Amino acid sequence: MASGGGGCSASERLPPPFPGLEPESEGAAGGSEPEAGDSDTEGEDIFTGAAVVSKHQSPKRATSLLPINNGSKENGIHEEQDQEPQDLFADATVELSLDSTQNNQKKMPAKTLISLPPQEATNSSKPQPTYEELEEEEQEDQFDLTVGITDPEKIGDGMNAYVAYKVTTQTSLPLFRSKQFAVKRRFSDFLGLYEKLSEKHSQNGFIVPPPPEKSLIGMTKVKVGKEDSSSAEFLEKRRAALERYIQRIVNHPTMLQDPDVREFLEKEELPRAVGTQTLSGAGLPKMFNKATDAVSKMTIKMNESDIWFEEKLQEVECEEQRLRKLHAVVETLVNHRKELALNTAQFAKSLAMLGSSEDNTALSRALSQLAEVEEKIEQLHQEQANNDFFLLAELLSDYIRLLAIVRAAFDQRMKTWQRWQDAQATLQKKREAEARLLWANKPDKLQQAKDEILEWESRVTQYERDFERISTVVRKEVIRFEKEKSKDFKNHVIKYLETLLYSQQQLAKYWEAFLPEAKAIS
């Protein structure tokens, strides 16, 4: 159509004058104002002329047109369109030149037409921050909330007995009714809390910290056996594990706001948790569902569009394997340290017996004092074995379970993606069925087919949004998990090294004190 403009070149066609310009610019533009007939029949040439003129204008001049154009849009269209119809086209020329998507047929470089306002240009050119940058900009989650678990108490006799723990909470958060309160909870209550949180949040991609594992042997000893050192050791291990578990729960901003968490911490009596036993009627279907999920996960082959998720999943799987190997070695270390403590105690007793039967007074005194030193060293070995377990072995055990939950979050994202893909496949089948109905000329079933297509189109859109949402949540949760893991490992390793240093210092102190006695033997 541009070639039918009466042989007029594009450089000679200028847009109509803008109201409010300087006198000299009005005079320059008025000399080449196009006729009304040209504007009505060949409106596309107006855009071409506007594009060429904009190339000859300076950026400063182009920017100054914007506020005037806004005034023209308000006044020229609504108040003066009867008197000056050319202003309508002039306004349309500037408006359409801003939108490059409407003039794709002309292939005009939109950036050369007119410059954006400073604020809009800044916003459009500013790169979007990554998730890592957003996490670093945010302040660390600091909740004035401390939960302690103390006083494990056996209630009842025989196999019906159970252990209740005192859960004490100290906080200044307005979410809770008071600053300090305490309740009694049994182990099944902790498991029930995890079941509730997992049911609500895991399907959305959140990493719900897992509770400590069950121990049928340890609990049976506590229920049936007498109170001995092994039962006390088991209860202390479980108490510490439950305390770490509940502290991780309240440190998570999403979990902290959950009403089930507040109810667990505040309410005096909770309804009995059902289905938490492995061999219960409600526990068997859960085992079956887990096996079914494992099989279905093996059959899903996801075409990963984001390399970040693929790399992170590989990192998580490799880290879990390495932690399992390290945990096995640390458990061996703990057992060897306990054996060393027992052997040191036996050695101390033998030295004491030898010293009591020795005739040489100086030698007898030296042997007796050496036996005392060995008893102190046996105590150091026992304390260090406990430190090996609580500071190192339990840390590794916790993160092995946590990494399994992280993998479950990736699996949940994969299941959401698969649901989206299945919906797309179903939608395609519905459309093919509609095409067959059209081909067979069956109008009675056509409306139902169209309704089903609309329904599945809505589902596909919703499932796509669900996938995008869970991808965002999983990414943020993994980044948060890695930060928490780094802090956790740093704190525990520092404490562990401090215990090793203290143990070595005490050993040196004991031997330095004993050395004069050994030299005094005559």
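Each residue, glycine too, has its Cβ placed from N, Cα and C.
Note that this is a predicted model, so its numbers are computed, not measured.
Record features (Swiss-Prot):
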type	residues	note
REGION	1-142	region 'Disordered'
COMPBIAS	35-45	compositional bias 'Acidic residues'
MOD_RES	T41	phosphothreonine
MOD_RES	T48	phosphothreonine
COMPBIAS	132-142	compositional bias 'Acidic residues'
DOMAIN	143-272	domain 'PX'
MOD_RES	K237	N6-acetyllysine
REGION	281-298	region 'Membrane-binding amphipathic helix'
DOMAIN	302-522	domain 'BAR'
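DSSP assignment over the domain 'PX' (143-272) gives 65 helix, 28 strand, 37 coil. For K237 (N6-acetyllysine), the same-chain residues 6+ apart in sequence whose C-beta sits under 8 angstroms from its C-beta are F389, E394. On the 0 to 100 pLDDT scale, the model's mean across the domain 'BAR' (302-522) is 94.
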